[in-house]
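Now, the feature entries from Swiss-Prot:
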- G10, A11, G12, K13, G14, T15, R127, S136, Y137, K199: ATP binding site (BINDING)
- T31, R36, A57, L58, V59, G85, F86, P87, R88, Q92, R160, R171: AMP binding site (BINDING)
- C130, C133, C150, D153: Zn(2+) binding site (BINDING)
- 30-59: region 'NMP' (REGION)
- 126-163: region 'LID' (REGION)
Amino acid sequence: MNIVLMGLPGAGKGTQADRIVEKYGTPHISTGDMFRAAIQEGTELGVKAKSFMDQGALVPDEVTIGIVRERLSKSDCDNGFLLDGFPRTVPQAEALDQLLADMGRKIEHVLNIQVEKEELIARLTGRRICKVCGTSYHLLFNPPQVEGKCDKDGGELYQRADDNPDTVTNRLEVNMNQTAPLLAFYDSKEVLVNINGQKDIKDVFKDLDVILQGNGQ
């Protein structure tokens, strides 16, 4: 099965991707992993991508698509794949459709994990880190035994600048604006399935699993 996994930051994509991989053995392919592998292998496209990344510039779509093509052509993807972080735009989605068509394949499911904005903000702003040892906590999911203190060494816990509510809210709004056209594109293709990501982790996976087994709409 050929899957695209979508969801805003904090929606739990990584957790659910791990569960899909564990059950189905489908390779989890993220944009970052693809770039790192291509660069490490020293492929022509990897060298090109590195030149843009070293300058702090966006990697052009044609290079990104080429790297995706190389990755999806590997034998571990013969029975399917789980794409995470790609495509990000409608032109990328159209290019992905074309390259898959050239391979006699197509996207079967686009799974979009939906979580309310307020819940995402709570999830993303709850992280706290020890100033002494760097241990990470979460006020909702993994709180310290003593508020504001590290369990290991009693060090002061702090919130990273990019975890503050204003920064998180802005990041979410940017992501929402970017993904809206892509969601509409896949909805028009009748492959988009919205999943309620506010449930317990196990229940979210149950809903995903129903779709992957072909028993859901």
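Each Cβ is built from the backbone N, Cα and C atoms, and glycine gets one as well.
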**Request:** Write out how many residues of the region 'LID' (126-163) are helix, how many strand and how many coil, based on DSSP.
**Result:** 3 helix, 13 strand, 22 coil
**Message:** Measuring Cα to Cα, how far is G14 (ATP binding site) from T31 (AMP binding site) in Å?
**Reply:** 13
**Request:** Taking the Cβ of F86 (AMP binding site) as the reference point, list residues of the same chain whose Cβ is under 8 angstroms away and which are at least six residues distant in sequence.
**Result:** V4, I29, S30, T31, M34, T64, V68, Q92, L96
**Complete:** Same-chain residues at least 6 apart in sequence with Cβ under 8 Å of the Cβ of G12 (ATP binding site), in sequence order, are I113, V115, G197, I201, V204
**Request:** Among A57, R88, Y137, R160, these being the binding-site residues, pick the one whose CA is nearest to that of D153 (Zn(2+) binding site).
**Result:** Y137
**Asked** Taking the centroid of the Cβ atoms of C130, C133, C150, D153 as the Zn(2+) site, which other residues of that chain lie with their Cβ within 8 Å of it, listed in sequence order?
**Response** K131, V132, G134, T135, D151, K152, G154, G155
**Request:** Take the region 'NMP' (30-59) and average the pLDDT across it for me.
**Result:** 90
**Complete:** Excluding its own, the Cβ atoms lying within 10 Å of the Cβ of R88 (AMP binding site) add up to 16
**Nearest-integer angstrom distance between the alpha carbons (Cα) of R160 (AMP binding site) and R127 (ATP binding site)** = 8
**Item:** the region 'NMP' (30-59): DSSP-derived helix, strand, coil residue counts
**Value:** 22 helix, 1 strand, 7 coil
**Asked** Roughly how many Å separate the Cα of C130 (Zn(2+) binding site) from that of Y137 (ATP binding site), to the nearest whole number?
**Response** 8
